[in-house]
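Notes follow once the structure below has been shown.
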Amino acid sequence: MASFISDFGLIWYLRELNKKEFMKFKDFLIQEILELKLKQVSSTKVKKASREDLANLLLKCGENQAWDMTFRILQKINRKDLTERATGAIVGNPNLYRDHLKKKLTHDCPKKFNVRIQDFIKETFIQNDXDAFENLLISKGTERKPHMVFLKGMAGVGKTLMLKNLMLAWSKGLVFQNKFSYAFYFCCQDVKQLKTASLAELISREWPSPSAPIEEILSQPEKLLFIIDSLEGMEWDLTKQESELCDDCMEKQPVSTLLSSLLRRKMLPESSLLLSTTPETFEKMEDRIQCTDVKTATAFDERSMKIYFHRLFQDRKRAQEAFSLVRENKQLFTICQVPLLCWMVATCLKEEIEKGGDPVSLCRRTTSLYTTHIFSLFIPQSAQYPSKKSQDQLQGLCSLAAEGMWTDTFVFGKEALRRNGIFDSDIPTLLDIGMLGKIREFENSYIFLHPSVQEVCAAIFYMLKRHVEHPSQDVKNIETVLFMFLKKVKTQWIFLGCFIFGLLQKSEQEKLGVFFGHRLSKNIHHKLYQCLETLSGNAELQEQIDGMRLFSCLFEMEDEAFLVKAMNCMQQINFVAKNYSDFIVAAYCLKHCSTLKKLSFSTENVLNEGDQSYMEELLICWNNMCSVFVRSKDIQELRIKDTNFNEPAIRVLYESLKYPSFTLNKLVANNVSFGDNHVLFELIQNSSLQYLDLSCSFLSHNEVKLLCDILNQAECNIEKLMIAHCKLSPDDCKIFGSILMSSKSLKVLNLASNNLNQGISSLCKALCHPHCTLEYLVPRSNHCIVNFLLKLSCCGITERGCQDLAEVLKNNQNLKYLHVSYNKLKDTGVMLLCDAIKHPNCHLKDLQLEACEITDASNEELCYAFMQCETLQTLNLMGNAFEVSRMVFFPRKSELMLFIFLHLSRLWITDFDNEFQAFLLSVKKKNHFLTIRGSVEADGEKKGGDSDARTMGELSNEI
């Protein structure tokens, strides 16, 4: 009986007692205490205790004794219903639920999964995954905090099956023993069909009988595990105020609000959560949700694929023939990492080989495999063409798929099926052939075989009909599809655009024509090219285009003439190549591009992976990608991010960029590793280069020396140097100091987020040097003074460093912008700066003092300093304990601050109240050029970087 306390909690039962019964319970309890001579519990405290307090007092006696006393007293006050319920709960409810789950999950083989592939996945993954999840969700040592674990992986990789396998293991007692009394699985695609619900209702849907013991289930939330699958299927607003969320498990809410309340710990904060989603959705949510761990759902590796091919074919020679085709085709190989798609590809190849077809031709492009698989489901083996009914059924599915893509629906009810021409009598056939699957056994909710199958069906719809012929007004035209796909507006559109282009292949058009029995419109080619043509010359629109998606579309189309025309619409491209397959696609397109002016890319770790088996082929692709620098002679800007180069790869890049005719103006290499090769420093010797950004790329002391040697060369014209987050040391400052004294071109130096500390002194001495040549920005006028910018945010500067900075402000009249946010300057250091700001030689325009630990002790000095510096236009005081509003309303300072504000053009502050806001509104009326930005709460956790990068709401629409 002791498990009653730990499993269900005493408090719920005490709350079931009315006031009179509760008083009787206390009286009997006092008698028990006296009879048993229990010293742990005071009779006086029992008399005064609330229900919650009484539960805690009882537990001091130990769980066994607490239960024994509670059980006896409930019988004495004639609440046998509670004792019976508790006894039933202890023995029955958890076991009843586990048995229900065990039966449901053991026999749950929905048609959407081929049984063989499902069994294979269970056999391959379940034990490893069960152990991993147990480690992630069980507290270590004495730690008791609830867990929130994310499972992320690409769509269709098998996350749902993994979670259901975990549920099955829990129901069998193989994992989480004594950790969770209940584990509930909610799928967002399923749940969002309800529109509104309470948590109690969601739990009841999973219960084996109509009446779930909700109170008992929720009585001890730390024993609950909620598994929430497919977060990408729900619209989330994680910016809602906490007051807009819900903590009542019985209250109906919009399901997105209900699940947000769980995720953000407003509801049942003691419970544990296991969440699954795609990497894209995880990226959007990770900053908003405090998760404890992240697990990546691993796809099929090569060994697993090979084993599965052999099991399916049961003919060693044919299995090897089919798998070799997949292994040689990197796009197919990538697709086969998704278990269900591996089954689909293997099945297609098996059928093609068995009927004596051409499997090589089938494997040329991904679209071909999908259409071959889908059409084969609707054509009986004995027939050559589909029946009229089969044509109508597939056309209805394509209409349904298109509606789902536009409404973010992947679970459909019967009404949606009927609206799109699928009758009730069609459903058994569609379930039987595996095009649809049931998501819940006893409800009329249906899903496609796989999200990518829904996407290819939606693409087929656009080959058959115009959007105005669709029964839903949500469905838009093909041009809108293309732009939304290329701009990644809808994260769940993974292949849609690629399939549309793939279906325009001549062979696919013929295949569609044969299946549906009529010729298709040839106008779609022209429409898509017109879309791409609108990109030409539109820099803002091109900036939004995901280059890899554009490449994938053109690759799938396999039309070189169209490819050349399309690529020459682009003047700038931004892409991320995450694997070998992406390299093949990018190389195919970039080698035909000759109009680029701006290129931005990331190759992550692809060029420096340990697996050398395909490095030679990879470098051929890399050569083709870099040929764009030879073809596009007008590239002015190159941005490389998050990339690890090996020596051959960086050498290829250098050889492509070194031509004298190549006049690169701007080079950005953020978080880039060039290995031990110093080719980078050969690259930046290009005399046309004016902007160099190496932020977040580690620079050794020797590399800093090499960099500065180049900056010292007479032919070097670099004006802006960004080296934030480069792990520079104080010793490096001496080297940069020499640059400041000798460089005739350098105007902007950003050293933010490097631990410079005492090195600031060397920099400041250089800035004060009489031979410092920072004089001219552009030689148009002999009187054009440099607006020199110095960024030292988060550099470990203390009060001592302010003394050196103060000397710079007094001696260097060219210093217009000083950013020293996120340094511990404190009042002492700021007062030194204030003294310098008042100096007649100080011409500062922009001063950033965000989060510098300034207090009210500095406000008077700041007032007078700002008043005397007539050039100051931008002031940032956010994130300090210092209140600007006090400066205004202290005696003698209101007029002074008004004077200052009337001369500023930008003011950033924090902690304003209504009275101060009214003052600012009055200032705004007098100074129309003033932009005021603020934050009610300072973001004290931000570390380093540029204050300009912050996003802050306006104080009001008027301000």
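Every residue, even glycine, has its Cβ placed from backbone N, Cα and C.
Annotated domain 'NACHT' per Swiss-Prot: 147-470, in sequence order, evidence recorded as sequence analysis. Summarising the annotation, Swiss-Prot assigns ATP binding site to Gly153, Met154, Ala155, Gly156, Val157, Gly158, Lys159, Thr160 and lists sequence analysis as the type of evidence. Taken from Swiss-Prot, the feature repeat 'LRR 1' covers 593-616. Sequence annotations record features per position, and here Swiss-Prot assigns repeat 'LRR 2' to 632-656. Summarising the annotation, Swiss-Prot assigns repeat 'LRR 3' to 686-709. Marked as repeat 'LRR 4' by Swiss-Prot: 715-738. Taken from Swiss-Prot, the feature repeat 'LRR 5' covers 743-766. If you look up Swiss-Prot, you'll see 812-835 marked as repeat 'LRR 6'. Annotation comment: Swiss-Prot describes 841-864 as repeat 'LRR 7'. Sequence annotations record features per position, and here Swiss-Prot assigns repeat 'LRR 8' to 869-892. The region 'Disordered' annotation in Swiss-Prot covers 938-959.
For Thr160 (ATP binding site), other Cβ atoms within 10 Å of its Cβ number 19.
Tertiary neighbourhood of the repeat 'LRR 1' (593-616): same-chain residues 547, 567-580, 582-583, 622, 628, 631-632, 634-646, 649, 668, 673, 675, selected by CB-CB distance under 8 Å and a gap of 6+ residues from either end. Cβ neighbour count for Lys159 (ATP binding site) (all protein chains, 10 Å cutoff from its Cβ): 20. Working note on the binding-site residues Gly153, Gly156, Gly158: by count of other C-beta atoms within 10 Å of each C-beta, Gly158 ranks first. A sphere of 10 angstroms centred on the C-beta of Val157 (ATP binding site) encloses 21 other C-beta atoms. Broken down with DSSP, the repeat 'LRR 4' (715-738) shows 9 helix, 3 strand, 12 coil.
Beyond the repeat 'LRR 2' (632-656), the same-chain residues lying 6 or more positions past its ends with a Cβ under 8 Å from any Cβ of the stretch are 572, 574, 576, 593-605, 607-608, 619, 622-623, 626, 662-677, 679-680, 682-683.
Within the same chain, residues at least six positions away from Ala155 (ATP binding site) with a Cβ under 8 Å of its Cβ are Glu232, Thr278, Pro451, Ser452, Gln492, Ile494. Mean pLDDT for the repeat 'LRR 5' (743-766) in the predicted structure: 84. A 10 Å cutoff on Cβ-Cβ distances gives Met154 (ATP binding site) a total of 17 other Cβ atoms nearby, all chains included. For the recorded site, Gly158 (ATP binding site), the DSSP three-state label reads coil. Secondary structure of the repeat 'LRR 7' (841-864) per DSSP (helix as H, G, I; strand as E, B; remaining residues coil): 9 helix, 3 strand, 12 coil. Remark: secondary structure over the repeat 'LRR 1' (593-616) totals 5 helix, 6 strand, 13 coil, with classes taken from DSSP.
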